[in-house]
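Undergrad: After the structure tokens below, expect a handful of questions from me.
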Amino acid sequence: MMALLSLSMIFLAILFALEILFEEWDTKFDIMLFSYPISLKHYLIGKFAGFTLKTFLSFLILIIGFVMGQNLRTGSEMQLGFSFWSYLYPFLIFGVINCFFVCSVLFMVAYTTRKKLLVVIGGLLLYVLYMVLLVFSNSPFMAGSIPQSIEVQQISSLLDPFGASAYFFEAKDYSVTEKNQFIVSFKGFWAINRIVYVLLSILFLVISYRFYAFNKKTSKKELQRKQRKIKAVIPRLVMVKTPTLNFGFKSEFNSVISFARVDLIYLFKTVTIMAVSMLMIFFVGMEMYSDIDKGIRLPDNYASSGLLATSISQSFYLLGAIVLVYFINDMYWRSSTANFYLIEDSVFFSKAKLKGHIMSLAVLLVFLTVLLIVLALVFQIGYGYKQIDWLAYIGFVIFNTIPLFLFGTLLLLINSIINNKYVALGISILAVVVFTTPLIKMLLSYPLLHVFSGFNGVYSDLNGYGAYLSAFSNRLLFGIGLLGLFWTFNSYLISKQWTKVKSVVVLVFLGLGVFGGFNFMSGYAPNNEDAELIKAVHYEKNYRHYQTIAQPTIVDVDTKIDLYPSENSYKIKGKYRIQNLSDEPIYKILFNFHSDLEFVDAILRIHNNEISIDRIVSEIKLNKPLMSSDKATLEFNLSYKWYAVNGHQSFNAIVENGSFMRISNYYPSLGYQPYNEVEDKQKREAYGLGDPTPLKTLEAPGVFKNDFINLDMVVSTESTQTPMGIGDLVKTWTENDRTYTQYKADSIPFRFAVASSKYQKKSITHRGINIEVLYDEKHPENVDRLLKNAKLSLDYCTDNFGAYPFEKISFVEVSSFTSGFAATAYPATIFMTENMIFHTNIDSDPSKDVINELAGHELAHIWWGNSQINPDEREGASMLTETLAMYTEMMIYKKLYGKETMRQRVQIHKQIYDNEKGLYGDPPLYKVPYGATHIAYSKGAIAMVELSELIGEDKVNEALKRFLEHNKYPKKPTSLDLLEEFYRVLPNDYLKQEVDQLFIGIDTK
């Protein structure tokens, strides 16, 4: 954390550099400075010492506040005790050295160029370099970082000027507990990095001394003007014509143009704009490259307009806001610094100065916008992707350029109100931190006030920006109205005059604000965490005893789902047939309806009676008990609609095109649901909740449980789209300008999903199974490859594990508004996201055949955990689903590309496992808990491949086939059952120890 906080020194140092290092030049004292008995060396030492000390003390205050805050915090994640060395050590390594480095860089730039904006650009370049290197260092600070090769991590460790990459590299084998309790030794790449940057800092100081700019460099034009000889002339008396004064609109407009021209000449005829442009190109270009190049595991993405526009939006906004802070401050105060403001303010049209600054601000933003769009087009053409989607780039303008323009006008307002340049600069920097970063959501939860926040959402080739584009535009209208009112009232405070024009302007801006704000906030549902906590506490206290009370089992689900993609909504009509499959009578039933959906109505029909249910959590006490084997029905109606102001849910994304919903997650459930429990230990103690429901241990008694359902699903959507469900297709028809499909599946887990989009379809028949791919017309690239790999996967699984249980396999593309998985398997249907499968550039590196991996992995789930076996929730359950699917994936990969290429993929999983076990723990594979993907997937793949090489692939498949035959529904197998099958095929007892090391041991070698 100290390394991340040290990043703040860049902005502190920039602020102090502009004040301290340019003090003599701003006051013109530099002309006579060295006429006094003072040497340049001593002058620079004094300046650097004062500059560095002020920066260091400011950072020290920040760290003291951080340490105090950390030790005053409460929470289950906080450790007891205080270790002074644990704070001092990183403060010395990161804080002191990084302060020395940052100050030396800015000191060198200041005293060799004498240009303030270049000092700003130099500081921002350090920030950019740091953020880029974090992407290539497997940093936990970067949530979207992807696995990088060891060589890339080593290079990042050496290049990172702030040392964080080197620290992560040296500490990669430490667990979270070890990082908290022990100090990472100062050695290896970390020590080299710190020593190198100390030496570089000293070098920068030497350069500052050797190349100190005693005089400001004079441009060629200025030099020519000075050398131009002026001839003596004899003045002649002429008639003086009295000018006609014109204070109308035309003159005012010309004044605005004049002020703007002065600003733009100052900016565009200096090296500053070149430095800003290079900074933007480097930073945004690196982000584009990292979004295209997916590292050592995944193939490249296509350089599509949507991908690159999203890259710009995610990287440009904050950097652009910081550039505006210094540009506007420098532009506004330039005449004051040169003492020209006395003349400037004496003319009638001096009031046009602010308007001129606004115009120059607009020109600068247009220039940067065009620059980045051209950069994106260069990437597209360079990577051979020539399909230009202008809507994506228009969205970039709406999400970035216009909000930055509004923010720039706010900065101008700040500079015009504050009478001190550096105070105005400090407040402007504070405005950046507050209004353009996630901090605004913590300070102001009301989303309408986030006018200056950029957009970090997604762009989908199927769905564009979806509902977010119009919603964001409405918020911009509110922002325009709000800032317009601020500027109008500021004008009144200056002039002390109120005119009819101002009244009209106020009404216009007020109308814009009300119209935009009302439309943006339509459907807003505030997220009240305290209220949700109270609900969870109430639920657990009142209903946890249902864990020991028998409840009916859902045996049949008949449902009709009407999708309305253009409205971002859907309606559900459902009917459960429930049955008492226990041996004891049931006197009361607990029904749970999902709070995210609108509860319309529900009726329980039991013993010829109808019981109305009117609450999302309802405890129904029966007049007559539901005896063993007795049945009842539950009929219900639900609806759902999302609004952009609240954001969409990734697994419940009903969008205009490319919808996907894990819709069974939102259907009613029976009995107590442990996932509603409060997880925080201290909050549980505060509310007297005791221990949470534990994950069932591996050794707990095995169970037979009839919890599979028979599903009859009708899905409808708008006539231009195709609705997709799960199971076997029964029929398709159209009615009332809507398309309907009916699906059925018998004896499957309670887990189903739906999708809807404007699909193209391609299908083949293989071994009597219809294999079909439903894809968007923009993404045909990988369809044939997917069909080929599906055939190969079907052959392998059928030959080795048993018959495929359905009539068809559907691979369905969904939009990137759904995230959190690359593909997900349901009975007879596999849903895949557009940017991972259908629109990924496999040809860039055929060895990264993610289509083969995912086709094999997801199709294998038909055997492992989708419709044939269904382990209960206990330790090791993921080993029976994800680990076995990973094994199938690796064997199919070996069959297609050979053993050596497969081993390379396993090595990548080894690296993923090594990188993540320190952060997320390293339990043995056979006791893997839910959510430990690095164990179930990566460590599981390693162990299963080593097992196949230890006893042979045929023996492993023999054990897996026998495991499937012995543990099909309704039995709930455990990982111990799987290990028993492995033991049975071992040629000798000696190998049992090695098998145990793979699955029961901690380390995978």
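Including glycine, each Cβ sits where the backbone N, Cα and C put it.
Keep in mind that TrEMBL annotations are predicted by a computer and have not been checked by a curator.
TrEMBL feature annotations, pasted as is:
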type	residues	note
TRANSMEM	6-22	transmembrane segment
TRANSMEM	43-67	transmembrane segment
TRANSMEM	87-110	transmembrane segment
TRANSMEM	117-136	transmembrane segment
TRANSMEM	195-212	transmembrane segment
TRANSMEM	264-286	transmembrane segment
TRANSMEM	306-328	transmembrane segment
TRANSMEM	361-384	transmembrane segment
TRANSMEM	390-415	transmembrane segment
TRANSMEM	422-445	transmembrane segment
TRANSMEM	465-489	transmembrane segment
TRANSMEM	501-521	transmembrane segment
DOMAIN	790-985	domain 'Peptidase M1 membrane alanine aminopeptidase'
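Are these features on the surface or tucked inside, and what are their neighbours?
TA: Within its own chain, the transmembrane segment (43-67) is flanked in space by residues 1-2, 5-6, 8-9, 12-13, 16-17, 20-21, 33-34, 87, 91, 95-96, 99-100, 102-104, 107, 111, 205, 208-209, 212, which lie at least six positions past its ends and keep a Cβ under 8 Å from the stretch.
Residues 7, 10-11, 13-14, 17-18, 21, 102, 105-106, 109-110, 142, 145, 148, 152-153, 155-156, 159-162, 164-165, 270-272, 275-276, 279, 282-283, 286-287, 290, 319, 322-323, 326-327, 330 of the same chain, all 6+ positions outside the transmembrane segment (117-136), place their C-beta atoms under 8 angstroms from a C-beta of that stretch.
Long-range contacts of the transmembrane segment (195-212) within the same chain: residues 40-41, 44, 48, 97, 100-101, 104-105, 107-108, 111-112, 158, 161, 163, each at least 6 residues beyond the stretch ends and with a Cβ under 8 Å from a Cβ of the stretch.
Residues 11, 15, 18-19, 317-318, 321-322, 325-326, 328-329, 332-333, 407, 410-411, 414-415, 451-454, 526-527 of the same chain lie 6 or more positions beyond the ends of the transmembrane segment (422-445) yet place their CB under 8 Å from a CB of it.
Taking Cβ pairs closer than 8 Å, the transmembrane segment (465-489) reaches residues 391, 395, 398-399, 402-403, 406, 409-410, 413, 447-448, 450-452, 455, 457, 459, 502, 505-506, 508-517, 519-520, 568, 642-645, 648, 655-656, 817 in its own chain, all 6 or more past its ends.
For the transmembrane segment (501-521), the list of distant contacts is 447-448, 471, 473-482, 484-485, 488, 491-492, 645: same-chain residues at least six beyond its ends, Cβ to Cβ under 8 Å.
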Undergrad: Please work out which recorded stretch in 6-22, 87-110, 264-286, 361-384, 390-415 has the most C-beta pairs separated by under 8 angstroms from the transmembrane segment (306-328)?
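TA: It is 390-415 that shares the most Cβ pairs under 8 Å with the transmembrane segment (306-328).
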